[in-house]
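> My questions will all concern the structure given below.
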Amino acid sequence: LLQDAHNSSVLNNDVLGAFLPSGHVAGLSRPVTIQFWHDRVLDTSNATCVFWQPGAGAGSAGSWSGAGCNTTHREGTVICHCDHLTYFAVLLLPAGTLSPAQLASLTHISTIGCSLSAAATLCTLLLCCFSSTPCPPPSCRQRLRDNTTRIHMHLLAALLLLNCSFLLSTLLATGAEGLCQVTAALLHASLLCALAWMAAEAFHLLLLLVKVYNIYIQHYLLKLCLFAWGLPTLAVVAAFVFKGDTYGYHTISTSEGYRNATIVPSARCWLTSPPAHYTTLCYAGLILLFNMLVLGRVAMILRRIQRQKGQARKDWVTVLGLTCLLGTTWGLAFFRFGIFLIPQVYLFTILNSLQGLFICLWYATVHRRSKQGSVSNTSR
């Protein structure tokens with residue numbers, strides 16, 4: 001009967017009820033002590049004392065809450081100190097689950113990072129527009145280089161859209177359901193487009209560095225646009241039209257999700273369909289695998305030309321810049337397990353929310369060097 005919507009696991013299935021005939025007891029100055037014995041190896045951070053809070057509505061059975069209870073651990077014993085009497089238990093949570101404090105800090109980091117990236121990508125787009133100048137009819141290799149800035153601009157536009165839609169997904173998570181679904185679809189489309197433009201960056205880089213002779217692809221940039229803008233948008237529109245419940249309110253579970261932690265923003269406008277989520281992961285995995293292979297190839301080429309004085313330092317700047325352009329840090333999403341969960345989530349949030357800012361700094365450095373005539377062909 002005491003099973004909540006999260007299907008929470010209770011230590012040894014033991015639930016202890018404590019009451020007084022006089023009625024409801026709460027707000028005790030000296031808390032009552034309840035001990036639960038066990039013979040298991042517990043992660044003390046995820047074994048927490050809770051009490052059963054009946055549901056307010058007719059259709060709600062209730063949920064576990066930790067308000068007014070403190071937890072201490074001894075060998076083979078979990079001790080609960082609570083300021084009221086009711087049904088008590090020790091709730092077991094999956095290892096590595098985020099706490100509300102961690103979720104709040106990650107939310108602040110992502111909000112600040114995405115805001116900085118949105119501003120930086122907008123500034124970089126303006127810099128690209130004003131710095132691009134027409135040039136005479138180029139050779140095949142020069143034509144590829146002329147498309148480099150345009151591809152950068154498309155990637156920056158996709159990242160700008162991604163950052164803005166992510167910020168909107170938080171703000172509109174408490175709004176109308178239809179508006180939240182539209183925002184979730186926009187966020188999904190911008191993510192797919194941004195990943196696709198990272199793949200386009202990798203493909204273009206491969207043409208510049210490896211296949212440099214007699215390369216001509218008719219309507220090259222148009223084809224890249226159809227791949228990176230057209231296909232993701234078409235997929236999202238199809239999902240939104242034919243299966244609208246793919247998008248909506250997405251609740252983020254925490255280690256204290258059963259508590260009344262309203263100060264923590266635990267909802268987003270995002271995917272609500274597990275198949276769509278796993279399809280997106282597979283799509284991102286294939287793109288990141290291709291990008292990492294290209295980045296490895298670039299590193300091998302740069303290693304062969306680092307004999308010149310001072311070249312090694314410039315090569316590292318180039319590799320770091322290409323890491324941002326190709327989005328290889330998004331691969332951290334696939335290391336979310338076990339002891340890696342908390343460090344991975346923080347690294348993923350920091351690096352990827354600031355991706356637009358990193359690209360802005362890298363592009364400004366390359367632009368300054370190119371104006372001085374000292375940038376290498378690889379950096380360009």
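Quick reminder: no glycine exception, Cβ is built from N, Cα and C everywhere.
Positions annotated as domain 'GAIN-B' by TrEMBL: 1-98. Summarising the annotation, TrEMBL assigns domain 'G-protein coupled receptors family 2 profile 2' to 106-367. Annotated transmembrane segment per TrEMBL: 151-173, 185-209, 221-242, 276-295, 316-339, 345-364, in sequence order.
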> For the domain 'G-protein coupled receptors family 2 profile 2' (106-367), what's the model's average pLDDT?
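Averaging the confidence scores along the domain 'G-protein coupled receptors family 2 profile 2' (106-367) gives 83.
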> Which listed stretch (151-173, 185-209, 221-242) has the most C-beta pairs under 8 A with the transmembrane segment (276-295)?
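Per the Cβ under 8 Å count, 185-209.
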> Restricting to CB pairs under 8 Å, which listed stretch, 151-173, 221-242, 345-364, is in contact most with the transmembrane segment (185-209)?
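Per the Cβ count, the answer is 151-173.
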> Six or more residues beyond either end and a Cβ under 8 Å away: which residues meet both conditions relative to the transmembrane segment (151-173)?
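Same-chain contacts beyond the flanks: 107, 110-111, 114-115, 117-118, 121-122, 124-125, 128-129, 179-180, 183-184, 186-187, 190-191, 193-194, 196-198, 200-201, 204, 221, 224-225, 228-229, 249, 265, 267-270, 325, 353, 355-356, 359, 363.
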> Would you kindly list the residues that approach the transmembrane segment (345-364) from elsewhere in its chain, counting only those six or more residues past its ends and only Cβ-Cβ distances under 8 Å?
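Residues 98, 102, 106, 109-110, 112-114, 116-118, 120-121, 123-124, 127-128, 152, 155-156, 159-160, 163, 317, 320-321, 324-325, 327, 329-330, 332-333, 336.
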> Near the transmembrane segment (221-242), which same-chain residues lie under 8 Å Cβ to Cβ, leaving out any that are not at least 6 residues past its ends?
147, 150-151, 154, 158, 181, 185, 188-189, 192-193, 196-197, 199-200, 203-204, 276
